[in-house]
Each structure stands twice: as structure tokens, then as C-alpha cells.
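Engineer: Here it is, the structure in full.
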Amino acid sequence: MSEVKTQIKPKAIFLMGPTASGKTALAIALRQKLPVDLISVDSALIYRGMDIGTAKPDETEQSLAPHRLIDILDPALPYSAADFRKDALKAMEEITAAGRIPLLVGGTMLYFKALLEGLSPLPSANPEIRAEIEKKAAEQGWEAIHQELASVDPVAAKRIHPNDPQRLSRALEVYLISGKSMTELTQISGEALPYDVYQFAIAPKDRNVLHQRIEARFKQMLTCGFEDEVKSLYQRGDLHEDLPSIRCVGYRQMWSYLSGEIDYDEMVYRGICATRQLAKRQITWLRGWHDVHWLDSEDFEQSLNTVLQVVSA
């Protein structure tokens, strides 16, 4: 009688949460307690020269707990969820091969989802079709594009705001390339993550606490030279406000200030508001997440102990 061997999956840890929730501090503490190596899951931290406005781990934090997938790309270059999944899987394999546990920490929920569930078979971007859409938008307005999308993909049109040209263009582009709606294609599952994943979400129980942290951190960034950081990017000449890097919260608002569209006080106000809106979207994602252990960022020791207990069980 032959024995059926069950393959034991390697462990991985997800530490997710909204911006300014204390993820980095907890990840560094876990690095001192567990055989983990960190992988950043953040669509802003990938860019070089964008340190202050992204709250990128500083030299001290990086020396305590080196993060992979930080500073891997110039701000002029694109980076997709598919790129992240490929890079993250490679990093996870290397960490696991060294006998350690990958600890993935960040707030870009789309990246976590792509890694956990795999990617739907969406077609690659087509510059010609994208140009046609943008030409039509220039002539008729993005509202017309939104109406066209609603006729072929009402679910996506309901989700995407008429003033969001990037997502509108992509959703319509997918249909024009494939003949199928983005909604239909995203229901097709990709390759699941071959790891035993322990998932944690950290956030304050009181949203007002998070709002206060966000405001304090944004003002601290300004004190630390955020304006000069964005000015260096602005003066390069090859970057513009439609790039994903410059659309990052804080950077977009500072860019508008440097270009003379808004004054300084308005930049601060919009930057704080945009960061709060980002945090709200991140929390909304997490509330719909399955199999996640919630941690209170106001009780650091309890959060640390909870992770240690769950992972060691």
C-alpha cells in the first residue's frame, strides 16, 4: 500500500494596513523575533528619489530590517501588479530557499490581491488603441468615454469615476482589444499563491486617531524637505503628472503647487485629504478581506504578541 505524501507549503506572512498605521515599526519588531525577511508591498516605495513623501524606511530602519522591492525603479518607468507579482514571487523563493519566512508588508492592496489570487488574463496595453481613446476624450470629453464604457461594461462604469481618465481608458481599452469586458475577465482566477499565508491587518480602532497621524506625518514630511524632494523631480523635465509615480498621494498635490495651480495652504489641505482618502480605501479593501487577523496599532505589544502566537501555532 503506497503512502500519499502531503506536500507542506512554506510559510509566508502578510502584514497589511492603511497608511500611517504603524506597519513598518511592527515589521521591524517581528524581524527581531522571527526568522523573517521583509518584502515591501507598496506601489510608491518602488521608486528611487521618492523617500520623504512615501515615508520610505530610513537607513536605520533598513539596517535593522532590510526591505526588498524598495528603490527598484526610476519614477519615469511604469510598474504593474503583474511586475510586482513576478518580482515578489522571486524574492519569496529566495527567502524560503535560505530557510527563512517571507514577511510582506505594505498597503497596496491590489498587489496583495494579485500575489494571493493570481492575475486575471487581461490583455497588455495597446498604445494605438489608447491613443484613439485619448483623442476621442480630447474631442468629446471623458464623460463621453464614461458613457461608452457604461454601454459595454456597466459594472466597471459604476465603479470608475468619470474624472478618472487612467482607469476609464484602461477599462475601455481592455474591451476594445479583447471583445470582453474587464468585469468578465477579472472573474477568471489566476494561479494561487503556493504558500501557507498568515494574514494580518493593522489599524487604529478609532479612525480619528488615524486621521490625526496622517495630518501629523504629512506636516512632518514638509518639515523634512518634501518640497525640495518633489522640486528635484519636477525640474528633471521628463516627468509629468499623469505618471503613476507623480500621481502618488502628496506628490500630485505638491506637483500642482510647484506648477502654480494651487497655493501652499491648498496643497497642504489637499495632500492631507488625499492621504485620508487613500487610508479609507485601504480599510475598505481590508474589511472585505478573508482570513485576516486584525491588530490594534494603538496596542503595539499586543499586536506583536498576536502575530508571534498565530505564526508559531
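In case you wondered, yes, glycine gets a Cβ from its N, Cα and C as well.
Given the structure is predicted, the values throughout are model-derived calculations rather than measurements.
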Engineer: Quick one: sort out which of 48-55, 128-135, 232-239, 280-287 is the region 'Interaction with substrate tRNA' according to Swiss-Prot.
Structural biologist: 280-287
Engineer: Out of 42-45, 74-77, 150-153, 270-273, which range is noted as region 'Interaction with substrate tRNA' by Swiss-Prot?
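Structural biologist: Feature region 'Interaction with substrate tRNA' in Swiss-Prot: residues 42-45.
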Engineer: Can you dig out which of the ranges 166-170, 211-215, 241-245, 296-300 Swiss-Prot describes as region 'Interaction with substrate tRNA'?
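Structural biologist: Region 'Interaction with substrate tRNA', as annotated by Swiss-Prot, spans 166-170.
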Engineer: DSSP says what for the region 'Interaction with substrate tRNA' (166-170): how many helix, strand, coil residues?
Structural biologist: 5 helix, 0 strand, 0 coil
Engineer: Determine how many residues of the region 'Interaction with substrate tRNA' (280-287) DSSP places in helix, in strand and in coil.
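Structural biologist: Grouping H, G, I as helix and E, B as strand yields 8 helix, 0 strand, 0 coil.
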Engineer: May I ask for the residues of the chain that lie six or more residues beyond the region 'Interaction with substrate tRNA' (166-170) and have a Cβ under 8 Å from a Cβ within it?
Structural biologist: 125, 130, 133-134, 137, 142, 145-146, 149, 160, 182, 242, 247
Engineer: Work out, from DSSP, the number of helix, strand and coil residues along the region 'Interaction with substrate tRNA' (247-252).
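Structural biologist: Summed over the region 'Interaction with substrate tRNA' (247-252), the classes give 2 helix, 0 strand, 4 coil.
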